[in-house]
Every structure is written in C-alpha cells, then in structure tokens.
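*Asks:* Would you mind keeping the following structure in view while I ask a few things?
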C-alpha cells in the first residue's frame, strides 16, 4: 500500500464524506450549469428557492478552489474532529453554513436597498455566491479554540501559531478576492463564517461532560480574534454590543440550569476530580450510617425487655388515702 493511500485512511470519516460532497457538487455544476444557478446563493431566487442558503456552502465552481478546500478540510478535521466528535463537528458545520448564508443574503439585500438607483444594482441580486470557504473559516476558529498554541508551518519558512489562522485566512482571502474581482462571492462568506464559528462555540455549543454551554474563557472572547493592539477597542465595542443585544445575558440564562458552571469554567479537571471526591465521600457516609443503624437494631433485638417500674407500698397507700384525709378534715368542727 502506497504512502498516499495510507495517508487517506488517516483522515477522518466526516471530512472524507464532506470532501466527496464537494467533489460531487463540482462535477454536477460542470456537467449541468443549471445546478449552479439554483444551487448557489442567488438573492433574486432565494425567496422561491430557499434551499440555496444550505447548498451554496457545498458548491465550488472552480477546480483550484475545490482542491484547496478539500486539502484544508482534511487537514483541519484531523485536529478538531477527535476532541469535538463527529456528530458535534457536523452540527457545527451545519450551524456555520446556515448562519453564513443567511447573513450574506441579508447583506446583499441591504446593499441593493441602499444602491438600488444605480444602473448595476440589479446585478447584485443575481450574483452567484457559493463556496466552502465560509465553513472552512469556522473550522479555523474551532482550531484556535482547541489548539491555540500549536505551531503551523506554511511553505516551509512561514511559521505561526494556530490562534492566528482565522485572521490570516480572512485577510488572505479578502485580498485575493479583490484582486480576482470576486469580493462579493468571497468576503461575506469568509467574514460571516469566522464570526458564526466563534458565536456558536462561544454561546451555543453544549458540553454536558463539563456542565458548560459555550466557552466563557477570556482567551476565547471576541477580541482574541484580532491582534493584541486592537484588544482594547474591540473589547469596548463587544461590551456595548452585548448590552444592546443582551448576548451575555442570554448566555448566562441558558447556562443557569447546567450544573457547576462556574467551577467547571475555571478548571474542568479540578472540578471533575472534586465531584468524584464528593461522590466517594457521600457513598462512604451512607455506608457508615447504614452500619450504625444495623448495629443499633442488633443490640436492641439481643437485649431482654426491661420490667415496668412499680411504686413503693407506702407511696401507693399515701396516694390512696389522700381523699379520705381530706374529707375528715372538712367534717371536723
């Protein structure tokens, strides 16, 4: 067996399945151009054909983009799928895909509403927007959360940490799309894919083993997606947005019913160990109380019953003669 075939078997099953879907979509749109018209996100056709919000993220129109997306997906899925789980990663991809498509559609409608008097305003409604780069941007955010300090080497000489990948990918994709004249079909997907991935992991992801909803850590706040020099202004903007849209309040309310939220958020390993110690202590206490109750029952069953205490004769006589004495006293002159 060749090394390439062995490497293929090391990739995760979900990433290979999604890669097969991307390849099939590319083949279909090449063979049937009608697939591109109704599979891509076209704002002018979304109202009757709402499924293009879902299908646009899995449709690539060029072979170069397809190869890049498949290679990047196979690589990043090997790092994020084992800790997340296949089902959770699939749920994550679907959430990012839907949020990205809906947000991109809203932006296109907004641009058309603002600039609908221009001669080319109608063209924006029928621009084909598609590609896997939105979900790929979300996967890079997941990699930042799971392995933020792991090293990444690009083209042998370029080295950086995984936590910088989302920002680098957004910048590189935006510059390339401006050069190639594909800004509308690339930039919204990349930016909204990054934000959707962060929003899902920050507020929506359920972690029952830790008793958590979302990731409240300071290292995964929104400002952490930006360079260190911008953390202050971005933190201020994020604080204003959370107060206006009540994002923080909804996250706290949703996580209120989850056990040990704050303890698990501080140190999940320590919280789990403390829970195990409490469970062992409660079990030992129950055993001791059970043994004590059994010992008391045994001692009561083995000891003879005590006789009822009787009053002395003189006390009995005195008590019985008290009414007669009282009567004789009243009869005396």
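Cβ coordinates are placed from backbone N, Cα and C, and glycine is handled just like the others.
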*Asks:* TrEMBL tags one of 24-43, 124-143, 144-163 as transmembrane segment - which one?
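*Replies:* It is 124-143 that TrEMBL annotates as transmembrane segment.
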*Asks:* Suppose you had to name the range TrEMBL annotates as transmembrane segment; which of 2-19, 164-181 would you pick?
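*Replies:* Matching range for transmembrane segment: 164-181.
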*Asks:* Please give the sequence-distant neighbours of the transmembrane segment (164-181): residues at least 6 beyond its ends with Cβ less than 8 Å from one of its Cβ atoms.
*Replies:* 133, 136-137, 140-141, 143-144, 152, 187, 190-191, 194, 197-198, 225-227
